[in-house]
């Protein structure tokens, strides 16, 4: 090959990498920024529609039901091509549906917005988000399994999209703390809707052929794709890994709605403090992506996931001391604890996703990346919904209401205990060396 041809090849690779990073960067950045409208939704439901903590948590988790359908969206995107493309068009469709949802909420008058109406449009928004996430996750998985990606540092693209999402989360949560008292909820919903319109416009300008994604057999059909997904899930190491990952979330009865009401209703924590807390959590998430990419990729997944689980339980026990007022008696203001500890605990729930995605991408057979990654995210969504419903049941059992938090410390202790249970069956997570050998 001549030097001139070699130079052209390098320029093509650089152009391809730039297009991939722009498409995925915008997609995952908007995904992280979704914390902005959801914080507004929480306060809108609490202050305007006057829901109680259990109802708020039920609405939060029920809105995630479209995420459970991700395997179907993945199978469709693997098998059904739109104008010769099967990833980018689905990202565009997802962005369009989200934009439609939030813009519609924004233009409705407050008198026309009920719990039912809000729930419908939040379901539509998450339906669009799940379609876009499936397509983007499949692109990441396909590129991670390509030969050029294997020769580069493993997990680099996963770390990039993780950090893009974290940056979006930082900006979204920082901004919401500043503007939520200055603008109406409808104005903020409209702002996010316009961001989604921008994502849609960026997406449709990127031809999928320019990304040089691995070629899939044409006309494989949905039945064939379902058969390949079923075969992948019958592999012991894949099934057990996904089983542990989902169970490690589902088994925890989270009390997020109760904590939100405790901080805002009982402690009267300012909205800006909650925004800064989420910003701090997203900064930690961003640092986690950098640290993992530089130092932790060689750590065995089982050991790393166990460590994350133990850290989560430790911070939950710290929340017990917070609710009992121990830190306040030690001279630590509630707002300081909320900023530095609550934000970290909230984002720590998702730390497992990065090393898990790297592992599952290595285990995934060629040809069903979209279907399998979608199944994983579906299992995660269902697990989080179950976790949220268990939290509602726990709060009810402990007698916790918006005016009575006496049972809250004991509920947090039960939550911490349940968080440690997945360690008992962490042998389900395959050893990374064995995974590499089998994949090769």
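Backbone N, Cα and C define each Cβ position, glycine as well.
TrEMBL annotations: computationally assigned, not manually curated.
For reference, TrEMBL has these:
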- 20-45: transmembrane segment (TRANSMEM)
- 88-108: transmembrane segment (TRANSMEM)
- 120-140: transmembrane segment (TRANSMEM)
- 160-180: transmembrane segment (TRANSMEM)
- 187-206: transmembrane segment (TRANSMEM)
- 238-261: transmembrane segment (TRANSMEM)
- 273-292: transmembrane segment (TRANSMEM)
- 304-323: transmembrane segment (TRANSMEM)
- 335-353: transmembrane segment (TRANSMEM)
- 373-400: transmembrane segment (TRANSMEM)
Should anything in the same chain at least six residues away from the transmembrane segment (238-261) have a Cβ under 8 Å from its Cβ atoms, list it; otherwise answer none. 42, 46, 52-54, 56-57, 60, 232, 305, 309, 319, 342, 346, 349, 352, 356, 359-360, 363-364, 372, 375-376, 379-380, 382-384, 386-388, 390-395, 400, 402, 405, 408, 411-412, 414-415, 418-419, 421-422, 425-426, 428-430
Within-chain partners of the transmembrane segment (304-323) [C-beta distance under 8 Å, separation at least 6 from its ends]: 248, 259, 262, 296, 334, 337, 341-342, 344-345, 348-349, 351-352, 355-356, 405, 408-409, 412-413, 415-417, 419-420, 422-423, 426, 429
Stretch contact, the transmembrane segment (160-180) with the transmembrane segment (273-292), Cβ-Cβ under 8 Å, 3+ pairs: yes
Is the transmembrane segment (373-400) packed against any residues at least 6 beyond its ends, judged by a Cβ distance under 8 Å, and which are they? 53-54, 57-58, 60-62, 64-65, 67-75, 77, 130, 133-134, 137-138, 140-141, 229, 233, 242, 245-258, 353, 356-357, 360-361, 364, 406-408, 410-411, 414-415
Chain residues in Cβ proximity to the transmembrane segment (187-206) (below 8 Å; excluding those fewer than six residues from its ends, i.e. six or more beyond): 19, 22-23, 26-27, 30, 33-34, 36-37, 40, 88, 91-92, 95-96, 98-99, 101-103, 105-107, 176, 179-180
Contacting positions for the transmembrane segment (20-45) when only residues 6+ beyond its ends and CB under 8 Å are counted: 51, 56, 59-60, 88, 91, 95, 102, 115, 118, 122, 129, 132-133, 136, 139-140, 143, 157, 160-162, 164-173, 175-176, 180, 185, 188-189, 192, 195-196, 199, 202-203, 206, 211, 260, 264, 271, 274-275, 278, 282
